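Trainee: Have a look at this one before I ask anything.
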Amino acid sequence: MTTSLTSTKLPRRRGVLARMGSLGKAILITLLVVFTGFPVYWMLGTSLGTEQSLYRDGQPLIPEFANIGQWGSFLAEVPILRWLGNSFVIAAGTTILSLVLATMAAYALSRYRFHGRGVAGFIFFSTQMLPEALIIVPLYSIFAGAGLLNSHWGLILADTAFVMPVSMFIIKSGIDKIPYEIEESARIDGCSRLRMLFTIVLPLVRPSIAAAAVIAFFDGWNEFMFANTFISDSDLWPAPVGLASFLGQFYTPMNVVMLCALLFALPAIIFFLWAQRGIVSGLTAGSVKG
């Protein structure tokens with residue numbers, strides 16, 4: 001009798017513990033969502049506040065959605081859309097150029113055996129030891145002589161030089177995992193190196209390329225230091241430099257700054273979600289059957 005009662009209590013206890021564990025996970029996830037989403041909520045509330053209310057009463061806990069009409073006047077006065085377009089041009093150019101160069105370099109370092117291969121990899125890696133502030137003056141002199149000041153091309157080249165080695169090592173790690181026998185079979189069938197790269201290797205390293213694209217895009221999208229130094233024309237400013245121009249010593253329109261910050265964050269979030277789908281689909285479609 002005692003044994004039967006004990007056996008019936010154990011499943012009940014396990015069920016209670018399982019429900020408590022699920023409840024704890026739900027509470028933890030909710031807290032994490034609130035913790036990560038509260039800054040965005042705060043930015044939204046600040047962008048909807050008026051200058052008088054923000055400086056007199058501070059940030060309201062509940063956003064004043066009745067003031068949403070002031071967003072139109074802000075966008076009419078501030079060229080944030082133009083700055084966002086400049087940021088997109090820089091980010092897209094940096095992503096495309098760095099991925100093309102990084103893919104070629106990664107394939108060469110992974111598949112070719114040549115003298116100085118290790119030295120070349122070390123040189124690529126050593127470039128990451130140099131901070132941007134250390135080379136900004138020499139770059140300014142070089143770009144001034146090349147006519148790349150006040151040009152998006154100068155920023156694209158500078159950002160590509162910094163992010164390309166990182167992208168190369170990410171893609172190279174993916175290529176190293178591909179069995180070399182696959183390429184040997186393709187070469188026996190008459191496939192060229194370039195065709196193998198585009199039809200065999202690249203589809204299999206899609207997750208690595210997507211990860212490198214995310215890093216390169218955000219590097220160009222968040223460009224500030226080079227742009228603040230090399231670009232003096234406000235029409236060519238990327239969004240981070242444009243946002244920094246609002247920060248004054250005695251007065252800063254925080255509602256305008258927060259609205260621009262929200263608009264600046266939205267494309268980055270959309271790109272990350274799109275690239276994340278590429279990473280997941282690449283992991284499922286890039287498997288190799290033996």
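Backbone N, Cα and C define each Cβ position, glycine as well.
Okay, these came from TrEMBL:
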- 21-44: transmembrane segment (TRANSMEM)
- 84-275: domain 'ABC transmembrane type-1' (DOMAIN)
- 88-109: transmembrane segment (TRANSMEM)
- 121-143: transmembrane segment (TRANSMEM)
- 155-175: transmembrane segment (TRANSMEM)
- 196-218: transmembrane segment (TRANSMEM)
- 256-275: transmembrane segment (TRANSMEM)
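Looking at the shown structure, what environment does each listed feature sit in?
Mentor: Beyond the transmembrane segment (121-143), the same-chain residues lying 6 or more positions past its ends with a Cβ under 8 Å from any Cβ of the stretch are 105, 109, 149, 154, 158, 161-162, 165-166, 168-169, 225-226, 229-230.
Counting only same-chain residues 6+ beyond the ends of the transmembrane segment (155-175), those with a CB under 8 A from a CB of the stretch are 90, 93-94, 97-99, 101-103, 105-107, 109-111, 124-125, 127-128, 132, 139, 143, 148, 201, 204-205, 207-209, 211-212, 215-216, 219-220, 223, 226-227, 230-231, 238.
Among residues of the same chain six or more beyond the transmembrane segment (256-275), those with a C-beta under 8 A of the stretch's C-beta atoms are 40, 43-44, 46-47, 71, 74, 78, 80-81, 84, 87-88, 210-211, 213-214, 217-218, 221, 239-240, 242-243, 246-247.
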Trainee: If we skip the immediate neighbours and take only residues 6+ beyond the ends of the transmembrane segment (88-109), which ones have a Cβ under 8 Å from one of its Cβ atoms?
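Mentor: Non-local partners: 117, 120-121, 124, 152-153, 155-157, 159-160, 163-165, 167-172, 175, 197, 201-202, 209, 212-213, 216-221, 223, 227, 238, 267.
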